Amino acid sequence: MSGPEPSGGEEAKQAKEAEDAEKFSFMATVTKAPKKQIQFADDMQEFTKFPTKTGRRSLSRSISQSSTDSYSSAASYTDSSDDEVSPREKQQTNSKGSSNFCVKNIKQAEFGRREIEIAEQDMSALISLRKRAQGEKPLAGAKIVGCTHITAQTAVLIETLCALGAQCRWSACNIYSTQNEVAAALAEAGVAVFAWKGESEDDFWWCIDRCVNVDGWQANMILDDGGDLTHWVYKKYPNIFKKIRGIVEESVTGVHRLYQLSKAGKLCVPAMNVNDSVTKQKFDNLYCCRESILDGLKRTTDVMFGGKQVVVCGYGEVGKGCCAALKALGAIVYVTEIDPICALQACMDGFRVVKLSEVIRQVDVVITCTGNKNVVTREHLDRMKNSCIVCNMGHSNTEIDVTSLRTPELTWERVRSQVDHIIWPDGKRVVLLAEGRLLNLSCSTVPTFVLSITATTQALALIELYNAPEGRYKQDVYLLPKKMDEYVASLHLPSFDAHLTELTDDQAKYLGLNKNGPFKPNYYRSVPLLGAL
């Protein structure tokens, strides 16, 4: 039977405990926890309440002063000291003495040139087309007026068109998507570009008009993304519109406008529907959005998607890409659809097809991908839960009824570039991204390689329309010949070291095909025309 522990052992034990407590100082904090934990619980309770207006304005201003920050959050070259001065009020010239442009800051040209050079590295197919055709100059004499997103990738396309003999004047199709440094680089290179990030609505139309209304220069080709340029020329300059040799349109919104003109008998020039080309639908719309949707949401909101409930409006190619990306990160994804074919695809891909009104109170994120108008109405916005994120992946800015939010009872608070909190009288707030405009090109970047496919398709469509013999194309909307779709795809295969199998003569005869293609019929498409985006 053991006796009591010697006093010396007790002293040694206490000394050891004191040494350990000093060594692991955080344990001392834990032992004092009760009062601290109660205080922490109070803090949490206060934190979960709807925020009051006190201090909000100073916080939002400290995070972001303006929506006109540089396009790339990874590398911003915008001189903030110039933010208060409109580019329209500046007198700028490039190194050659030309002032035939209007950009944020021509001094950013060197940085923009680096962005373009980086993009060229992943657009080898478009560069290959440039090298193959620049000797022939198939666009010599073409005067192209363009209205697209002005990014490094689009700059590669514009400079390719110039290398093929065209003269170009360019404006932006989205007031938030212009890379200021890239626009400066194009202006330095001699392209008449009128665009900057953060244009007003008036600036937007002014830039388009400066591209069209020029003494001694008249456009004969249009490259459009959304139909705004085409609409402007048709309405304001009908004499110029009648002399256009061809229109190339790449968005579902713009294509819809063209079909409306054609149906009404008012389309007096041939137009090429690039949006429904397989090389646009199956690649740009699907794969580009699959990767860029997460990029745009992460940069603006830092949201974690695991377990979040998300509703995607529209299950066309854009919707499919968004749903695939969100599902992969563990989000619970719902889909809304008007087309039973697309709805059935969504069901078989494992998504629940619902009406927006059925889930609007419970979802954490709402994403529109339809190309339609008023998909998300004020009634939906009123019923959303606190901190719901609302954004648009379609080209048009009409999918979310943003106009209905500009009322006296609601408070708008800018918290980051392209991030607004819309605050209801009871303190509820909805997070609106890019004011309802295209999320990925307004708030983040898009994969260069995928845009190379679309840009190559656009270049070939312009070459085809400009060089087509008289009578080949009438005053209507056309789809790119399938042979060109396949040619664009083939130009991109070397990047993957892919090797195509060739048909034998017997196999080609059996299938009723030419050995060299086209391998798909002209009616082959990824989605029905004028269906969901």
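Backbone N, Cα and C atoms are what each Cβ position is placed from, and that goes for glycine too.
Database features, via TrEMBL:
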BINDING   Thr151, Asp225, Glu250, Lys280, Asp284  substrate binding site
BINDING   Gly316, Glu317, Val318, Gly319, Lys320, Gly321, Glu337, Asn440  NAD(+) binding site
COMPBIAS  10-21  compositional bias 'Basic and acidic residues'
COMPBIAS  60-79  compositional bias 'Low complexity'
DOMAIN    285-446  domain 'S-adenosyl-L-homocysteine hydrolase NAD binding'
REGION    1-21  region 'Disordered'
REGION    48-99  region 'Disordered'
**Request:** Report, in whole Å, the straight Cα-to-Cα distance of Asp284 (substrate binding site) from Gly319 (NAD(+) binding site).
**Result:** 12
**Request:** Using only the Cα atoms of Gly316, Glu317, Val318, Gly319, Lys320, Gly321, Glu337, Asn440, which the record gives as binding NAD(+), return the largest interatomic distance in Å, rounded to a whole number.
**Result:** 22
**Prompt:** What's the most sparsely packed of the binding-site residues Gly319, Gly321, counting other C-beta atoms within 10 A?
**Reply:** Gly321
**Request:** Can you check how the pLDDT averages out over the domain 'S-adenosyl-L-homocysteine hydrolase NAD binding' (285-446)?
**Result:** 94
**Fill in**
Rounding to whole Å, the Cα atoms of Glu317 (NAD(+) binding site) and Asp225 (substrate binding site) are apart by 17
**Prompt:** Looking only at Cβ atoms, how many others are within 10 Å of the one on Asn440 (NAD(+) binding site)?
**Reply:** 26
**Asked** For Thr151 (substrate binding site), what is the tally of other C-beta atoms lying within 10 angstroms of its C-beta?
**Response** 25
**Prompt:** For Gly316 (NAD(+) binding site) and Asp284 (substrate binding site), what Cα-Cα distance in Å is obtained after rounding to a whole number?
**Reply:** 12
**Request:** State the Cα to Cα distance, in Å, between Lys280 (substrate binding site) and Asn440 (NAD(+) binding site), rounded to an integer.
**Result:** 17
**Message:** Sequence gap of 6 or more, Cβ distance under 8 Å: name the residues on the same chain that satisfy this around Asp225 (substrate binding site), in order along the sequence.
**Reply:** Cys147, Thr148, His149, Cys173, Glu249, Glu250, Ser251, Gly254, His395
**Site diameter for substrate, Å, by largest Cα distance between Thr151, Asp225, Glu250, Lys280, Asp284** = 18
**Fill in**
The rounded CA-CA distance in Å from Glu337 (NAD(+) binding site) to Asp284 (substrate binding site) is 21
**Complete:** As a whole number of Å, the Cα atom of Lys320 (NAD(+) binding site) is distant from the Cα atom of Thr151 (substrate binding site) by 25
**Request:** Let me know how many other Cβ atoms fall within 10 Å of the Cβ of Val318 (NAD(+) binding site).
**Result:** 30
**Item:** Cβ atoms near Gly316 (NAD(+) binding site) (within 10 Å, other residues, all chains)
**Value:** 26
**Asked** Distance between Asn440 (NAD(+) binding site) and Thr151 (substrate binding site) at the Cα atoms, whole Å?
**Response** 12
